[in-house]
Amino acid sequence: MAIMELTQSNFDNVVSQHDLIIIDFWANWCAPCLTFTKIIEEVEKDYPEVVFGSVNIEKEKSLAEEFNVKSIPAVMILRDRVVVFAESGALPREGLRELIEKAKDLNTDILREAQKQKARE
């Protein structure tokens, strides 16, 4: 599956239909973003079960704000509609693969319960 362009209009639909999503926040003027995009394109081929999405922060400012993206490139991993990883900066190829494997192994029931408890505080 190719990297999917995520927009305000399709974001909720994409997130609700997929278990694991890797999101790349980027802009055309950002040289490190373009380098990281190449890494994502390579890694994406090894994970057909994972959805890879990209958010152009110039076009989708509201999504960048919603996820509190302060610098780019930024990568975010959502598992069962929960953000399980968020970091600014380009990751190396193996670092991205390692994060994907960890996200695949996460017990999201535990994560959801922790979020519920935090919301009660």
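Using N, Cα and C of the backbone, Cβ positions are placed for all residues, glycine too.
Remember, TrEMBL labels are computer predictions, not curated facts.
As written in TrEMBL, here are the features:
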type	residues	note
ACT_SITE	C30	active site, nucleophile
ACT_SITE	C33	active site, nucleophile
COILED	93-120	coiled coil
DISULFID	C30-C33	disulfide bond
DOMAIN	1-105	domain 'Thioredoxin'
SITE	D24	site 'Deprotonates C-terminal active site Cys'
SITE	A31	site 'Contributes to redox potential value'
SITE	P32	site 'Contributes to redox potential value'
C30 (active site, nucleophile) in three-state DSSP notation: coil
Neighbourhood of C30 (active site, nucleophile), C-beta criterion under 8 angstroms, separation at least six: I72, P73
Nearest-integer angstrom distance between the alpha carbons (Cα) of D24 (site 'Deprotonates C-terminal active site Cys') and C33 (active site, nucleophile): 9
Chain-internal residues near C33 (active site, nucleophile), provided their CB is under 8 angstroms and they sit 6+ positions away: D24, W26, A27, I72, P73, A90
DSSP-assigned states of the domain 'Thioredoxin' (1-105) in counts, ordered helix, strand, coil: 40 helix, 28 strand, 37 coil
Cβ neighbour count within 10 Å of A31 (site 'Contributes to redox potential value'): 9
